[in-house]
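First the structure, in the form of structure tokens, and then the observations on it.
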Amino acid sequence: LYIIIIKGKCPEDGWDESTIELFLHELAIMDSNNFLGNCGVGEREGRVASGLVARRHYRLIHGIGRSGDISAVQPKAAGSSLLNKLTNSVVLDIIKLAGVRTVTNCFVVPMATGMSLTLCFLTLRHKRPKAKYIIWPRIDQKSCFKSMITAGFEPVVIENVLEGDELRTDIEAVEAKIKALGAENILCVHSTTSCFAPRVPDRLEELAVICANYDIPHIVNNAYGVQSSKCMHLIQQGARVGRIDAFVQSLDKNFMVPVGGAIIAGFNESFIQEISKMYPGRASASPSLDVLITLLSLGASGYKQLLKERKEMFSYLSSELKKLADIHNERLLDTPHNPISLAMSLKNLDENNDAAVTQLGSMLFTRQVSGARVVPCGSVQTVNNYTFKGFMSHANDYPCAYLNAASAIGIKKQDVDVFLKRLDKCLKTSRKEAKKEKSVNEISNSNTGTEQLGD
């Protein structure tokens, strides 16, 4: 208890479940709704009709924060408030352990990554009232695009540049756009670390230097980057050489808890406090409770072991997917700057039949392969009145169709082996069907030509 209560750090070794439950019950009896002689006459007294619901939340019913600040202490919910403070301290310790050593402050917010980014942008609005643009190196993921629209700003999309197989940040285009629009009219640069290959993490160091030079805030979408030492190193380096105001990461993707929470972290303690004060009203304690239970059960050593295993599985997935690609006359795209996601070309499948690529995605899904993304060439999608060409591929004209697979925290060797086995079968079936359809079309075209000659 000394480590977590006094030091505010994650214990090195994980606790057993009974110890964690005892600790949570100790916190719960500090909340007024659990006092034996409590007499509540307000509109929010922590009353719960269902015993099942009460037990699910360990009777920590009041939530976190006060109406004006999500990080504030609630007098009649001392236990829930302490839980909130401890969770934020433990999470900060884990972020440092994962590679961002100079981070000064963070807090868990009961919203997923997209809405948490929106909260950051809304906080910056008060600092830069004239600004209406957000510079955004393109990444084809709807929630981070919508986060800017929802906040009331106009995204300025910077197309990526193709270097080999990789899609990388166009630094010159970013700086040119800042000069064209005027630094005072730009709310921030909104960059990304974790992403689907062949897009790779943004050039954070170069962007951070540009932001420092032009005095423009820099918000980083680090959605599932905590599990990657490379992504965390980029954030650390960006803050060292330039400017990063806040970085946002998902709880579910990095800590294997239910969807619904994120961590907003940064290097300027007062700015992170400003963001927490921007959150209107109190908030659910569920995301904080979930991540605290998880980290107490894992301990720092358990979480480090998960990070180690994930990295090992990335190497294994990469080598095995390359072997499979070679067998099917495809290739594993060369994306060394992406530490989590891989991409395998589907060029031969695409050439045989336009619909074969998307059909492969359906085949994998019906065979219970989740998470693999099949990206065809040339798809167009409109998001909030902005049309993206080549949507999902992060570029207007990526050279080939491809399939994504990722090695994320918690993945096991069995997951990789089963995926590769099912992918192999699906590719064989797809190629057979594509060739069969091609032959039918050729015969049909040949017969049509003969009939026209006869006429």
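Backbone N, Cα and C atoms are what each Cβ position is placed from, and that goes for glycine too.
All protein chains considered, the CB of Arg44 (pyridoxal 5'-phosphate binding site) has 12 other CB atoms within 10 Å. The pyridoxal 5'-phosphate binding site annotation in TrEMBL covers Arg44.
Residues annotated as substrate binding site in TrEMBL: Arg66, Ser67, Gln74, Arg282. Applying an 8 A CB threshold to same-chain residues 6+ apart, the list for Arg66 (substrate binding site) reads Ala72, Val73, Gln74, Arg282.
Taken from TrEMBL, the feature tRNA binding site applies to Arg240, Arg367, Lys432. For Arg367 (tRNA binding site), applying a Cβ distance below 8 Å and a minimum sequence separation of six or more within one chain yields Arg422, Lys425, Cys426.
Over all protein chains present, the Cβ of Lys253 (N6-(pyridoxal phosphate)lysine) has 22 other Cβ atoms lying within 10 Å. What TrEMBL records for Lys253 is N6-(pyridoxal phosphate)lysine.
Taken from TrEMBL, the feature compositional bias 'Basic and acidic residues' applies to 431-440.
For 431-455, the entry in TrEMBL reads region 'Disordered'.
Residues or ranges marked as compositional bias 'Polar residues' by TrEMBL: 441-455.
Every protein chain considered, the tally of other Cβ atoms within 10 Å of the Cβ of Gln74 (substrate binding site) stands at 19. Here the binding-site residues are Arg240, Arg282, and the one with the most other Cβ atoms within 10 Å of its Cβ is Arg282.
Taking the mean position of the Cβ atoms of Arg66, Ser67, Gln74, Arg282 as the substrate site, the remaining same-chain residues with a Cβ inside 8 Å of that point are Gly63, Ile64, Gly65, Gly68, Asp69, Ala72, Gly281. When every Cα pair among Arg240, Arg367, Lys432 is compared, the largest distance found for this tRNA site is 54 Å. Of Arg44, Ser67, Lys253, all annotated as recorded positions, the residue with the shortest Cα distance to Arg240 (tRNA binding site) is Lys253.
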